[in-house]
Amino acid sequence: MARVLGVLLCLLALFSSSLCLDHANGRGDQALAQINVYETSLALDSSVKLHASPQVLGSQGEDTEWVNLAISNPKPTSDDWIGVFSPAKFDSGNCWPTSGGKEKTPYICSSPIKYMYCNSHPDYMKSGNVTLKFQIINQRADVSFALFSNGVQEPHLLGVSNPVAFFNPKAPVYPRLALGKNWDEMTVTWTSGYNIDEAVPFIEWSAKGLPARRSPAGTLTFNRNSMCGNPARGVGWRDPGFFHTSFLKELWPNREYIYRLGHDLVNGSTIWSKNYTFVSSPYPGQDSKQRVIIFGDMGKGERDGSNEYNDYQPGSLNTTDQVIKDLKDIDIVFHIGDLTYSNGYLSQWDQFTAQVQPIASTVPYMIASGNHERDWPDTGSFYAGTDSGGECGVPAETMFYFPAENRAKFWYKTDYGMFRFCVADSEHDWREGTEQYKFIENCLATVDRKTQPWLIFIAHRVLGYSTNDWYGKEGTFEEPMGRESLQKLWQKYKVDLAFYGHVHNYERTCPIYESQCVNNDKDHYSGTFKGTIHVVVGGAGSHLSPFSSLVPKWSLVRDYDFGFVKLTASDHSSLLFEYKKSSTGQVYDSFNISRDYRDVLACTHDSCEPTTSAG
């Protein structure tokens, strides 16, 4: 009976935690979710004029352009707003068939891809004659701009602009690199409007100075029926295009390669992207400088100021820009969950891949699964929340490559030089006896610490330690059943660092085991491994999460600000940790680990190999 009661209490804690996190993470703050699309009424006004220019975008191959929207409205109000629609035709003719509910078909059935209040221009309320600037990316369809009055809950459609379109709306765009399953393999995934019956996708690539060669690409997509619920199946749905992945194999270590995306059309012509470059991975254990960026919960921003609501993702562009600025000193990036915060509005995935393209096209962009990618009731996720907006993992698992055995089970291991990364999936059960637990132990157990001394554990939710406000109120300082399930593995296999997102701030613990600091140093750790350092690095972009007023001894550094972590391995014995502010790029927290192979082998707290007294 006591055991049953214990299980029930654990489950209660789990689901109460999920509810708390839904509130704390601002579920529903997705800007597009504020628009009550189905309540739109037609109120066309012939005196309202809208003109968008230029009408042809990307004539020189660009995938991003600025559009000027000239507005003339003789009766401006503070509730007027512009919706940007793509495809440009957005009336009831595009409505998804439904079996019931509404007495009549609504005039609009799909969300805009972005929106902006007209009074964001200071002169709008004075004259109603202004020009707004919108940044438009290539999303495989034409674009129109619509003026609405009466706010976003019961919008009145007053007028629609002329359409604008990219010269080639189907062009290959937004390449994103990822490590393959072997160290000498790089994968390239990109988006286009070409299905395989229209064009054959491939990568043309070469080491600098050598002849180019081609590697074929596979093609995937998904449809509305792939979504698990609304808004992803309803107003948030937008055709995602096609996703192509090519595997570049047998790469030389640490060599620069040039590549471009290609599609051979059925008419015999070829569509090309511009040229990109990357540097291949070092050989596992190679002694060279290796630099890693880690952050979570970045989301996306709009450089034109649109889609601003409730300060939802205020740090996203700063983090992106700082990483781009430092890109020559970065080798690989880990974005550990809550990628876009699209929450069922599919257009946001294109906008996210466009935002991170300068990073992801140059260095491997490795991802983890978060609640905003995966969680939906009765779909196999560990949490019964609705944070994915009905996406249930499909866009993340399809649009990005990661070297998992089963893409629906978002856990994987990957090696980069002197690093071994074990990436867990906190949205699936990780407890002892589960398939994922066995993966985690295997990942930790199979690394050769002689050649790869730096062992890193990654998960989205905080399976270790955090003094975030809601964890503090629960008294757990963690995701329920997190460290209780995994700490003996971290200790046994001597995990150097464990990283988490989900909580939108920065926090670092002492080297810790069973909630006790096992080392009193703060900025330099040397000698025998004693315990794992746990780091929350979920402050990359989404609105910040407050800390608890309780500060346990194990919490060494906290920062209520946006930032990211950089790891620099100089050799097999030296690792530099830096936490940088997204706003300035300045280092706010840092420490060094100095550890030789014998220090990893040495016996310490619950991580001793059996011995015998026999001679």
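Using the three backbone atoms N, Cα and C, a Cβ is placed for every residue, glycine included.
From a predicted model like this one, the values you see are computed outputs, not experimental measurements.
Record note: Swiss-Prot gives Asn371, His460, His502 as Zn(2+)-binding, and the candidate from Asp329, Asp331, Asp338 in that site is Asp338. Cross-referencing Asp287, Asp297, Asp387 against the Fe cation binding annotation in Swiss-Prot, which names Asp338, Tyr341, His504, picks out Asp297. Asn129 (N-linked glycosylation site) sits 34 Å from Tyr341 (Fe cation binding site), taking the Cα positions as reference. Taking a C-beta cut-off of under 8 angstroms and a sequence separation of 6 or more, Asn592 (N-linked glycosylation site) has the following same-chain neighbours: Asp523, His524, Tyr525, Ser574, Leu575, Leu576, Phe577.
Of the listed binding-site residues, namely Asp297, Asp338, the sparsest Cβ surroundings within 10 Å are found at Asp338.
Geometry remark: Asn275 (N-linked glycosylation site) versus Asp338 (Fe cation binding site), CA distance 30 Å. Distance between Cα atoms for Tyr341 (Fe cation binding site) and Asn371 (Zn(2+) binding site): 10 Å, as a whole number. Per Cα geometry, Asn371 is the residue among the binding-site residues Asn371, Val503, His504 nearest to Asn267 (N-linked glycosylation site). Other C-beta atoms found within 10 angstroms of the C-beta of Asn275 (N-linked glycosylation site) number 11, with every protein chain shown included.
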